[in-house]
Amino acid sequence: MVLYDSATLGGSCSGSSSSSSSSKPPPLQQRQQTQQDIDGLLAGAGYRVRSSELRKVAQRLERLETAMVNSPADLSQLASDTIHYNPSDLASWVDSLLSEFTQPPTCPSEFIMDPETNQTVVSDAWTTAEPHMPQVHQNISYEQQSLNNQLTVVTAMEEDSGIRLVHMLMTCAECVQRGDFSLATSCLEDMQGLLTRVNTVCGIGKVAGHFIDALSRRIFQGIGGGTINGGSAYENEILYHHFYEACPYLKFAHFTANQAILEAFDGHDCVHVVDFNLMHGLQWPALIQALALRPGGPPLLRLTGIGPPSPDGRDSLREIGLRLAELARSVNVRFAFRGVAASRLEDVKPWMLQVNPKESVAVNSIMQLHRLLGSDLNRNSPIETVLSWIRSLNPKIMTVVEQEANHNQPGFLDRFTEALHYYSTMFDSLEACTVQPHKALAEIYIQREIANVVSCEGSARVERHEPLSKWRTRLSGAGFRPLHLGSNAYKQASMLLTLFSAEGYSVEENDGCLTLGWHSRPLIAASAWQAVSDGTADFPA
Amino acid sequence: MVQTHHCEDHETVGENKEKRPKFFINDHVDILIEILKRLDGRSLCVAASVCRLWCTIARNDSLWENLCFRHVSPPPSSVRSVVLALGGYKRLYTGCVRPVRSRLGRMRKASWAGDEVQLSLSLFCVDYYERLGGSNSNGRLVGESSPSSLMFLCKPVNV
């Protein structure tokens with residue numbers, strides 16, 4: 001379920017028409033053509049549509065597509081014995097086709113868009129429907145229908161509840177931002193009541209459920225994080241692993257970063273990789289294998305893995321290192337591992353990494369840099385500290401993979417809205433995964449992120465995602481220049497995605513960086529950087 | 001000598017000298033290998049259930065190596081040692097190359113053949129690594145099912 005345009009949501013938004021980015025081709029321009037009644041662009045394509053009716057026609061086209069997708073039997077009937085009206089009169093044509101797909105009598109309260117007022121004609125709960133809401137309704141019901149293959153008829157009641165849920169989530173978030181907790185609490189109760197009437201197994205019900213939880217956490221437990229941030233490192237590793245298996249985002253990140261590192265290490269015999277978050281070390285077998293098979297033979301590979309300390313005396317970093325060493329031994333790659341246990345990345349000092357001046361260094365950060373963006377006024381900004389010591393290592397390449405989202409805005413409502421869009425898209429993509437228990441645990445992994453973004457503040461909020469454009473500015477300002485990822489990485493990423501059975505993933509190239517998204521909404525971005533040499537590269541003692 | 005031995009299976013001893021000896025493929029293992037080398041994966045598996053000799057031959061990893069690199073220019077020799085260390089060509093083919101090829105078949109470009117094998121090798125390596133974890137677990141991965149990184153290559157209904 002994708003909420004396309006953030007401007008359409010939010011209780012305080014004006015009702016003016018927003019860009020119709022969600023309409024299906026032909027693309028519509030929202031220019032107000034007061035003089036000419038017929039839209040000029042569509043007329044060029046052979047369609048006569050009044051400018052005032054553009055959005056309505058677009059919505060109906062979407063409904064028609066949804067109906068066609070979900071009832072193939074009717075489609076063949078349609079092809080054989082229906083009178084088709086003149087298709088160049090797009091408005092009446094789509095109306096006539098839509099009337100062929102009338103809902104069965106069991107669902108009498110059909111949503112019919114009244115052409116004049118653009119309000120729903122038959123509806124029991126919509127008294128103050130805002131003009132822009134139907135657009136959201138279309139999008140949600142489209143996605144919900146594509147998700148529930150069994151439910152070919154989405155009841156009007158459920159569509160209605162889904163919309164109301166989103167509406168109320170925004171209202172509640174706005175109350176929280178204003179500090180009006182009593183109203184927020186009553187909103188929460190209403191939403192929890194609504195949840196019982198909505199399908200929470202998938203679609204908007206599920207995502208809304210998580211956001212409602214996060215909001216209630218914020219209101220009742222405060223912004224300190226509490227139990228959400230208290231998950232043990234061991235738990236986190238397990239959830240991370242399941243997230244790795246359930247959807248391709250982490251695989252994309254690993255493979256793309258490995259390809260960049262492989263290309264950067266070409267011709268070097270002594271290489272050192274610093275991994276900012278080792279976890280189970282799932283990224284490195286592929287790199288070890290690629291190095292083993294590279295023309296000219298494998299180099300000496302050193303890997304330094306940073307990770308949280310294990311509480312119960314187990315040295316999980318060392319165990320992973322041993323496993324990787326065994327793999328490297330099997331494929332005849334000289335390998336050395338070092339583990340650095342640190343609960344926060346800013347606690348790591350460059351001397352702990354023991355970088356040898358003669359070796360080529362690669363720094364690999366998979367979704368770690370954003371954790372450093374929380375600013376503590378008492379000390380130096382941690383991101384600047386870390387970026388400066390990375391630079392002092394003079395790495396051959398630094399691979400950065402981050403979530404492509406704007407979850408670090410100061411305003412709570414903006415952040416909430418962004419997160420709602422982002423995680424709805426992500427849950428949408430997760431629906432395609434059918435392998436349990438990966439899917440369920442991956443959802444818990446994402447749910448924890450949601451809870452952190454929504455319910456925490458200050459130092460407890462570590463999920464401070466920023467979009468690629470902001471990272472570009474930040475890294476360029478810190479003395480790094482971008483490296484283009486190249487066509488091999490793109491090819492590999494495209495192949496990897498094709499392997500996943502879901503058809504909605506898309507890889508895009510963005511000025512030398514690669515992004516992976518669901519239905520053209522990028523969700524994760526991979527980029528590569530190199531320190532700008534200024535002649536004074538120094539190595540830590 | 002082998003010929004007469006097999007003839008005895010089918011005819012009485014007295015007729016041996018009169019009949020022309022039959023050609024029995026199992027007598028010519030080298031030809032058999034050449035033929036089996038050219039089969040596709042499924043046929044090779046079927047061939048493995050014909051008789052013990054064919055089963056032994058079909059288990060020979062070099063046949064599967066041929067299958068993996070059939071449409072690709074011959075790989076450097078170092079690949080063999082790596083693949084054998086990670087579990088062998090048969091496992092590589094059935095676990096990675098075949099599903100990758102069939103999934104990518106829809107939008108395959110000729111130039112991708114080599115990259116398909118590269119990708120398969122990488123996935124194979126991750127799978128080996130996970131199998132290592134499963135066998136070495138000191139209770140650390142309690143509750144984890146056995147290697148799962150290739151699960152996404154399995155279709156839900158796979159005959």
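Heads up, the Cβ atoms here are built off N, Cα and C, so glycines get one too.
Ranges compared are A:94-98, A:334-338, A:369-373, and TrEMBL records motif 'LXXLL motif' for A:369-373. TrEMBL assigns the feature motif 'VHIID' to one of the listed ranges (A:186-190, A:251-255, A:271-275), namely A:271-275.
Sequence-distant contacts of the region 'Leucine repeat II (LRII)' (A:319-351) (same chain, six or more residues past either end, CB-CB distance under 8 Å): 276, 278, 280-281, 284-285, 288-289, 291-292, 298-310, 368, 371-372, 382, 385-386, 389, 392-393, 540-541. The motif 'LXXLL motif' (A:369-373) scores a mean pLDDT of 91 in the predicted structure.
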